[in-house]
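Colleague: OK, TrEMBL features for this one:
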- B:12-33: transmembrane segment (TRANSMEM)
- B:40-58: transmembrane segment (TRANSMEM)
- B:64-82: transmembrane segment (TRANSMEM)
- B:94-116: transmembrane segment (TRANSMEM)
- B:128-147: transmembrane segment (TRANSMEM)
- B:193-214: transmembrane segment (TRANSMEM)
- B:220-245: transmembrane segment (TRANSMEM)
Amino acid sequence: MTEPILEIQDLSFSYEAGGGEIFSHLNLRVEEGEFLLVKGPSGMGKSTLLRLICRLQQPRTGIIRYQGREITLIAPSVLRSSISFVAQIPKMTDASVRDNLLLPFSFAVNKAKTAPSDESLELMLRNFYLESVSLSQSAMKLSIGQMQRLAIMRAILLNPDILLLDEPTSALDPESAGMVFSLIERLNIDEGKTLITVTHSDYAPKLPRAAIYRLHERTLHREER
Amino acid sequence: MNQIIDISNWQLLLGLLFILLAQVSSFVFHLGLNRDIAIGTLRTFAQLFLMGFVLTYILQSDRALLVVGVFLVMVVSAIFIIKGRVAEKQVSYLLPTFLTMLVSYFATAMFVSGLIIGSSPWWEPRYFLPAGGMVIGNSMSALAISLERFFRDLRQQRDQIEMQLSLGAGYREASAEIFRNAVRAGMIPSINAMMGVGLVFIPGMMSGQILAGIDPMIAIRYQIVVMLMLVGATTLSSVTIMLLIRKRCFGSGEELLLTSS
């Protein structure tokens with residue numbers, strides 16, 4: 001049996017010490033190249049699960065391992081450039097599309113990575129259904145659907161091993177939502193990217209390596225397909 | 001000509017006419033300041049008379065420990081004033097703020113009194129205590145401004161910070177702009193004071209020296225030292241404190257601990 005890219009063991013979490021638990025003894029195993037969809041109603045802690053994986057929050061008890069190593073032993077910035085988290089509401093800085101896309105390359109941990117050229121950024125914009133967007137225009141003027149795709153593109157530029165997507169379509173109209181789902185499916189099929197997406201929508205991916213989990217009673221249950 | 005005119009008790013009470021003016025205005029225009037004006041006036045009289053007695057005693061003393069003790073009381077009072085102005089519950093900032101204020105203000109006052117003015121010993125109370133008092137008073141306001149702004153901006157820009165953290169930024173990188181703005185906000189008043197001094201206003205210490213019959217050319221030298229000292233003390237204390245406090249705002253995973261509530 002190969003080593004999972006991500007493993008969660010006996011995870012428990014509550015917002016306050018001694019407070020009501022959001023997760024209790026939660027276990028999860030994610031193989032490289034898998035497409036994980038975590039479903040469940042809003043407010044159950046789906047987003048918190050993703051935030052725990054990239055250490056934007058800390059568990060009360062339990063262990064999370066990335067490539068066999070406990071994530072608490074990895075420098076947070078190194079971990080987050082390998083496990084990229086895209087928030088539910090995409091955030092841009094008040095600058096051009098180009099500056100927003102290249103922002104991660106200004107951080108010390110990513111300095112060794114080569115920043116993409118304008119040509120490759122433009123090509124990617126087309127692949128992300130953003131052909132009408134120019135690199136020099138202000139990112140703040142984009143629609144929420146365009147920002148969401150740009151945020152995913154920005155995370156992908158760092159070539160992370162795992163992409164965590166928090167409700168990527170919750171603020172989008174059906175057409176934009178369809179674009180985002182088709183995009184993330186392609187990232188999984190074409191590039192073999194490991195994805196963990198949480199959603200409360202009825203989306204059901206038709207992918208060979210998709211696994212659907214439901215968050216219920218403070219733990220994850222795998223759904224049979 | 002250089003004889004200093006004493007202010008008698010009756011003349012001092014005449015000064016209360018200014019307070020009467022403020023009280024009447026507050027009453028007529030419903031400013032709601034009557035209680036604060038009354039308490040402020042009483043405190044001004046009580047605190048300054050107390051300080052007068054203490055200073056009279058200390059200026060005649062030759063005990064360094066006593067001078068340092070008074071300085072310590074001034075810093076402790078300043079930290080309570082900052083606590084009243086910066087309402088922060090999630091991050092404990094008081095102890096690092098107190099220690100930084102104590103060390104940086106002490107070093108500044110010591111440098112000015114012992115080295116620039118050249119008093120001997122360095123803790124000579126008539127130089128060390130006024131220098132320390134001015135540093136504490138001015139820098140305390142700068143710190144309160146910086147801290148308040150830092151905590152507020154971290155909360156307001158939480159999503160922006162988390163976005164950058166998610167893309168591999170360290171906590172220093174993700175909060176760099178907020179850090180800069182907070183330190184700048186604290187430093188700007190003392191820099192602006194250097195722009196206006198001598199043109200827009202005659203500073204308190206210089207006015208005091210001139211009233212006491214000191215040659216204005218000597219008084220301005222003291223004032224220049226004070227202006228430079230305030231910029232230095234503000235920079236030293238606010239940069240140090242913000243560096244210490246920033247670390248406390250982030251957890252072991254460099255996650256932002258401040259929540260929006």
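In case you wondered, yes, glycine gets a Cβ from its N, Cα and C as well.
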Colleague: What parts of the chain pack near the transmembrane segment (B:128-147), using Cβ distances under 8 Å and only residues at least 6 beyond its ends?
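Modeller: Tertiary neighbours of the transmembrane segment (B:128-147) are 55, 58, 67, 70-71, 74-75, 78, 81-82, 85-86, 88, 93, 97, 101, 105-106, 108-110, 112-113, 117, 119, 122, 182-183, 185-187, 189-190, 205, 226, 229-230, 233-234, 237-238, 241-242, 245.
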Colleague: So, taking each listed stretch (B:12-33, B:94-116, B:220-245) in turn and counting its Cβ pairs to the transmembrane segment (B:64-82) that are under 8 angstroms, which one gives the highest count?
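Modeller: Between the stretches B:12-33, B:94-116, B:220-245, B:94-116 has the largest tally.
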Colleague: Excluding the flanking five residues on each side, which residues at least 6 beyond the ends of the transmembrane segment (B:12-33) place their CB within less than 8 Å of a CB in that stretch?
Modeller: 41
